[in-house]
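Enquirer: Quick one: the structure is below, and I'll ask about it shortly.
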Amino acid sequence: MADNSLPESWRFIKQVVEGRWFAVFASFLIMIGAGSTYIFGTYSKAIKSQFDYNQTQINTLGFAKDLGSNFGVFAGLLGEVAPPWVLFLVGSALNFWSYFMIWLSITGRIAKPPFWEMFLFICVAANSQNFANTAVLVTSVRNFPDRRGIILGLLKGFVGFGGAILTQFYLALYGHDNPTNLVLLLSWLPTVASMLFFLSIRPIKVRKDPDELRVLYHLLYVSIILALFLLFLTITQKQTVFTQEAYMSGATVIIGLLLIPLLIAIREEFMLFKLNKQTLNNNPTVPILMPEHEPSPKAPPTIQKIPEASTSCFSMTFKKPQRGEDFTILQALFSKDMALVFIATLTACGASIAAIDNLGQVGESLGYPSQTISIFVSWVSIFNFFGRVFSGFISEALMTKYKLPRPLMFAFSHLLTCIGILFIAFPYKGSVYAASLIIGFGFGAQVPMVFAIISELFGLKYYSTIFNCGQLAVPIGSYILNVDVIGKLYDIEAAKLGGVKNGKGLTCTGTHCFSGSFLILAVVVLFGAVVSLVLAYRTQDFYKGDVYNKYREDMWIPQSDMEFYCIDDRKKGGNNLPRMDMPPKYNFLKL
């Protein structure tokens, strides 16, 4: 066999690169690139000054960013028919083209584009991340079906502080004098990451690993250390003047921390590599070569879907399967559970993004200095990460150990966000510090739980499209609450109670500027919490059972090292379960 002819060191490297934990490491790096949408505020200043846009136009471009980042239906539909590497290639091409066109525009290398073209560039730039996002999330959930809450929390956590990491790389490479270079960085760095690892992230069928949870906790510890270092670095940079060498030193430490998951992957693969050697040495069984033309024994029949051909799509839409089974796209979209998920997401995530987008103006209206306002924004990003990873781990533990419905934890994240919003509706000295921390954590907690709930209720068969349809609630909610509620009420308060005309519209100072609008936001989020509680009540019987049982049926936990022997199964069929510590064509049978 070809692999046995390789030196042992090369076989080990091949095993590492083709392993599931290396795919997790690669996913972390790609998801950092998806965090580029969170630093629009940094380079939007360059767009505003270069093209002399007013604040309304910049807010419209911000909506283009929100629309593009949450409209992932095309990526979802492509993910249903194409392998993950196709999504990475499409996303990389769109990412490079859109950001490079923005960079050419703001540096004057091409003629000033019409406003609608800039809207399109920014929308496509944000939307390009959905292709990598969909490929990574869907593949990871299928690779860790009974740890999906945890893996979603980790992956979305890296998106959460991805903007902070990209900012540090920008400062290390280009300095902080010219934000146009940040756009150039966004055009090539996420593209390079996707092109390097696009073949590593793929569905990998594995036997159940008893140490899986331990490894995931190790990855959690590394990500927390990275987040704390970013928090320290960001606050320090606001207080002192950094030289270019200091920026480069900080970026070097970040790179070192990012490589620790790779070391964890190598450690796990090395342990399994030794186990495999011991198994083969202790077992005299000669590897059996199964001919390619010969079907695997006990191959399952493939005629089960024949009756579905005579059933119309419309009639099947309203014949919904049990929760947890694989829904079709239309069955999921027209279900009551999806309606509740959509409303809860619209209210919670929409209000959170509206609050975060206006946090700078809130601090300005309450008299906070600009340096302090920058700290607010940084805190939102860092605690957004903490919310994402902790909600994944905690909600998974409460669901599996105590059988609590995950929508119940989703409702709790609503209440937490509501408290943070009330700190702004009824401000006192230093309340915005607490608000930025709580809102950032609450919003971070909501994101992975939405994706996990959708995967649990509607199955994984059409997950890539269903979750992208579900997250359309985010831009709808943020647009309504940001433009029609906060924006209009702010202008009314500014005009009525002493607003100042500064050439860019009315400005407002005082506690009254945002108190009314944020009180409305708090009521909206509270309504969303009630909707989530209704969903929790409807699904309580489902969550009392074993939600992941159907995914464990295809796995088994080995009781000893001698429960395996190796065969070369080129047909990938029968009852053989691929083992995670060997190249894909190697399977192990239980003795």
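Each Cβ is built from the backbone N, Cα and C atoms, and glycine gets one as well.
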Enquirer: Name the residue range among 150-170, 465-485 that TrEMBL annotates as transmembrane segment.
Expert: 150-170
Enquirer: Are the transmembrane segment (20-40) and the transmembrane segment (247-266) close enough that 3 or more Cβ pairs fall under 8 Å, when only pairs 6 or more apart in sequence count?
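Expert: Answer yes, regions in contact.
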Enquirer: Okay, the transmembrane segment (432-455) and the transmembrane segment (338-356): do they have at least three CB pairs under 8 Å, pairs separated by 6 or more?
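Expert: Result for the transmembrane segment (338-356) with the transmembrane segment (432-455) is yes.
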Enquirer: Can you tell me which parts of the same chain pack against the transmembrane segment (182-201), counting only residues 6+ beyond its ends and a CB-CB cutoff under 8 A?
Expert: 17-18, 22-23, 26-27, 29-30, 32-34, 36, 39, 42-43, 46, 84-85, 88-89, 91-92, 95-96, 98-100, 102-103, 106, 125, 129, 132, 135-136, 139-140, 166-167, 169-170, 173-174
Enquirer: Going along the chain, which residues at least six beyond the ends of the transmembrane segment (432-455) come within the CB cut-off of under 8 Å?
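Expert: 137, 141, 148-149, 152-153, 155-157, 160, 332, 338, 341, 345, 348-349, 352-353, 355-356, 359, 362-363, 366, 368, 376-377, 379-388, 390-392, 395-396, 406-407, 409-410, 413-414, 416-417, 419-421, 423-424, 463, 466-467, 470-471, 535.
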